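S.K.: Pasting a structure below so you can have a look.
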Amino acid sequence: MPPKSDAKASEPKGAARFGRVRNSLKMGIVGLPNVGKSSLFNLLTEQNIAAENYPFCTIDPNESRCAVPDERYDWLCNLWKPPSMYPAYLQVTDIAGLVRGAAEGAGLGNAFLSHISAVDGIYHVVRAFDSDEVVHVDDSVDPIRDLDTIQMELCKKDLEFVSKAEEKEIRDVKKSQGMKISLAFTTTFEKVKEMLKENKPVRCGDFNSKEVDLIREKLDNLITTKPVVYLVNLSAADFVRKKNKWLAKIHAWIQEHGGGVLIPFSVEWESKLWATRDDPDGRKAFLDSSGGAVSALPKMVVQGFKELNLIYFFTAGETEVRCWTIQRGTLAPQAAGVIHSDLERGFIKAEVVSYDDFRALATSKSMMEVKAAGKYRQEGKSYVVEDGDIIYFQFNVTSSGKK
């Protein structure tokens, strides 16, 4: 029997409730100037954009993508050894540094807020290292102050969005005879405004399904509905010893402001590790001297992908192993459509085995052992694709588009 889907478990929660429903979503790297955003972007995407020690080095957002690390994908590639191998990718955007007063246009505020509105999730980089060589825009290192600054500016900008949307709704209603502002609109907007005035992100609000739908419809450009991963940039020494005087305070701040994932990392340490990429012996010596520290970059990428409510399924065979990115909760026909529209239009069934079952049962590329164990399933149009499914789609279309 196929596994039963838990409808409540698959319902989006938190920021995912407000996200755009599509398969190509972006994480934006956000923070004050000189906290390590562009250096992190370079490390994540293996690019070499300018990362000078200057507050507004990044003006236009740099966009790239990085492969999502996955042991499952690596294992399938090693098993099949096909000529074509295609992992899942996370789209990443480096956004100019924000300063106090950005909501009113200070610094590059207006451009920044426009760029951040265009992404779907946020990597919030926080500086927790001291350095005489890297100036801080506020002349001193205080991550809590910096967190407050960013949150305040984003809430201010969202409050501006809400006010404009409310004014537009009033104008539209006045143009239509017999129409009036709905109670649902009024109560939802009041809840949103109250949160923003208290510098609380909308994503952590307690909204029912109708309120969520109304926010998605009327306030689709809000910034504080986006999921956030907090990245705390430490010195190499603090990263290796896994201690920093600010970490506990930052964790407490996050819990008091809507919650979220905190990932400590070090641009300094990661850069030194990256410098050994072509020197296996040097890399081993560096890691041996780092007290068991490992790169935080894979965790960042995987968490960013997860925060965007994305998963992927595999197709695997002699010619290609590939990850196909979909939104969590996607049905089999729509998942097939990610490969090609004909597969969705002419969908017949999906032949499915979970990666875990295949890995546990198969001793070769064949599905024979999987089938013998009853783990090779045939699923129909109502099947909700699970992360890590290995799928073969059967379909049939005619030239007229009729099945």
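Using the three backbone atoms N, Cα and C, a Cβ is placed for every residue, glycine included.
Heads up, TrEMBL stuff is auto-annotated, nobody curated it.
Feature list, courtesy of TrEMBL:
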DOMAIN    25-285  domain 'OBG-type G'
BINDING   ASN34, VAL35, GLY36, LYS37, SER38, SER39, LEU234  ATP binding site
DOMAIN    309-395  domain 'TGS'
S.K.: Let me make sure I understand the span of the ATP site: among ASN34, VAL35, GLY36, LYS37, SER38, SER39, LEU234, what is the greatest distance between any two Cα atoms, in Å?
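M.R.: Site span for ATP, by Cα atoms: 15 Å.
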S.K.: In the structure shown, with every protein chain counted, which of the binding-site residues VAL35, GLY36 has the densest set of Cβ atoms within 10 angstroms of its Cβ?
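M.R.: Counting Cβ neighbours within 10 Å, the top one is VAL35.
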S.K.: On a count of neighbouring CB atoms within 10 A, which of the binding-site residues LYS37, SER38, SER39, LEU234 is highest?
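M.R.: Counting Cβ neighbours within 10 Å, the top one is LYS37.
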S.K.: What does the DSSP secondary structure composition of the domain 'TGS' (309-395) look like, as residue counts for helix, strand and coil?
M.R.: 25 helix, 35 strand, 27 coil
